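Some notes on the structure that comes next.
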Amino acid sequence: MAGHGWGTAWVLVAAATLLHAGGLAQGDCWLIEGDKGFVWLAICSQNQPPYEAIPQQINNTIVDLRLNENRIRSVQYASLSRFGNLTYLNLTKNEIGYIEDGAFSGQFNLQVLQLGYNRLRNLTEGMLRGLSKLEYLYLQANLIEVVMASAFWECPNIVNIDLSMNRIQQLGSGTFAGLTKLSVCEIYSNPFYCSCELLGFLRWLAAFTNATQTHDRVQCESPPVYAGYFLLGQGRHGHQRSILSKLQSVCTEGSYTAEVLGPPRPVPGRSQPGHSPPPPPPEPSDMPCADDECFSGDGTTPLVILTTLVPQTEARPSMKVKQLTQNSATIMVQLPSPFNRMYTLEQYNNSKSFTVSKLTQPQEEIRLTNLYTLTNYTYCVVSTSSGTHHNHTCLTICLPKPPSPPGPVPSPSTATHYIMTILGCLFGMVLVLGAVYYCLRKRRRQEEKHKKAVAAAAGSLKKTIIELKYGPEIEAPGLAPLTQGPLLGPEAVTRIPYLPAATSDVEQYKLVESSETPKATKGNYIEVRTGEPQERRGCELSRPGEPQSSVAEISTIAKEVDRVNQIINNCIDALKSESTSFQGAKSGAVSAAEPQLVLLSEPLASKHSFLSPVYKDAFGHGGLQRHHSVEAAPGPPRASTSSSGSARSPRTFRAEATGTHKAPATETKYIEKSSPVPETILTVTPAATVLRAEADKSRQYGEHRHSYPGSHPAEPPAPPPPPPTHEGLGGRKASILEPLTRPRPRDLVYSQLSPQYHNLSYSSSPEYTCRASPSIWERLRLSRRRHKDDAEFMAAGHALRKKVQFAKDEDLHDILDYWKGVSAQHKS
């Protein structure tokens, strides 16, 4: 005994050492590991506390997992999907009542599955899905009542199935038909209901060779007339006790016949005329029979009288749906004999059953509430007999998804209302836009009328001013009043005009010297062009130097010419065509009524070119230079005639030379006209008469006057020499040969416009220096008149510069005298 005790101890120590060498389990499971952490076996049986779910701390390389004798209630796909190498799974003796469809789909290597002694009620196709290599399936000692015909379709390699000790009443003929490798099928200890519906399975079972030979334990339990019958008869009296032979003899196309001896015995509780099945044949007696009455074989064979009866099948409970709502249902249950058995309505959910209500009426309506849409609910009529539940009929209800509420469909009246509202809004917008357009158009017309009225008033006012200014000079018989102006230089010189007594006779008048009583002159041409108001100078751009200042002043002349271009053409043509007789005059004072421009004549070279006059500050130095054009021929220049934009009476002037100015030979001299005769009478042909006569003639010269001039560089001014000594007012008079000076020390250079100044904004009168912003219609007009006017103004300016460039000395003098009067008119 002592040796045996020591041997047992050594075995336990060796087992413990082996388990520790293989690796101790994580948690409460014992693991047997291999190389590189590979786990062969995990024993998690009889855990304390017992597992209620499959543990997840086990290595996913496990091959054999044993979880028997725990409290696992369900098998989920998520708990088994990580064990891809699992081959053997033992879940025996748990509380499993629900297996998720496809729970074993990740165990494609599983060969042995033990689910015995659990609480499964149904066996469906989804529970065994994916077990293509499964060979041994143990489902004994469960609560299985229904085995679907397609339950084993995905397990073609099954060899052994154990469905014993369950509650199976019916099996289909095709339940095991596809299992070609099946050798053992244990179905004993099930309460089979022997009827013609079981005949197909009985035929398969008779053809199947079961290796275990447990036919004596497979019996019918119901109906009571066939209780105790074996599914397959064996032994001495097996043929008579086999339900297969009995059903084959009585079942034809859904009905069956039975062997009866004597009148049929009524079955208690099922005594309905025409509906009770025939009773089973009586048990054979052991009494010996007479020799002449005994048939061959063992024992006495009773005489059996075969009678064919019209069998009546037993009425079974029925269920149908009466009404379905979004969360409830009403079912109708009909019971053939509610008092023969105890019927209840059971709900099956995940292999679990719940009693809904007891059925005590032949026909009842049961309302089922708190249901969910898109969920299958299974209800069965169950009867209890000898502690066993029998399913008579089942019904599956699935509440459909409630239809989505239809969107608001506008009625025809509403749609019409919307359409009319939209059309009304559009029509209203059209009316508003039309009204706005009408108002703006009316306002534009009013503005145009106002502009025309203002332009007419301005023209009338200008004409009135001209008449008021020059009218007395034309009509007065005597001397016209003189306009006061600033004195020029140290001595004031004036030119006093005399008007003729009669228009028919041309008389000679002598010029008297007025230097003894100095008078303020109206201003010479230089002052007229440079004596600008302060506000006009502020509106112009700042001038970087004197050459640009001279360019700007020449530009102002070009700007004014565009408005009176036709008048200039007529005037120039008239002045060029008139025949004037010039008489020598004594150099002396100039008229104070009009500003005088003194011109310089110098010897002509072989080639002449027109240059703009240059004004200088000093007396007698750097005076105004006048170069004649190429067409001009050398000769004595004529005296200038003054035209101020209005028709003047013909008049004569007498010039008296008061002194002689001596300058160096290289200096430029200003000579208007000199003659040894002391007095010279200047006769001027009336310009207005010639203007009217030569109006048509002027159009012939339009083309060459509108040609654009070339660019000529301005001649730089000469440095001013020191001013000479002058006498007082009572001394020597200012000679006409001396250049007129400006009262302010500022040089002005009149030069031709270069192309870079052609786009300058300029004008020669204050009212055109700063223009008001155009109105809204002028800004929005597609083809504005401003571009056209600017083009005409530029063309007119170029035409004037062309005329000035090619004009001869007397024509140039007439143009400058004319603009002297126009500038004086604007200044006034």
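Each residue, glycine too, has its Cβ placed from N, Cα and C.
Feature annotation from Swiss-Prot across ASN90, ASN759 places N-linked glycosylation site at ASN90. In Swiss-Prot, the annotation N-linked glycosylation site falls on ASN85, out of ASN59, ASN85.
The average pLDDT the prediction assigns to the domain 'LRRCT' (190-253) is 79. Here the repeat 'LRR 3' (109-130) has Cβ contacts under 8 Å with residues 68, 84-97, 99, 101-103, 136-148, 150-155, 162-163, 348, 351-353 of the same chain, all six or more residues outside its ends.
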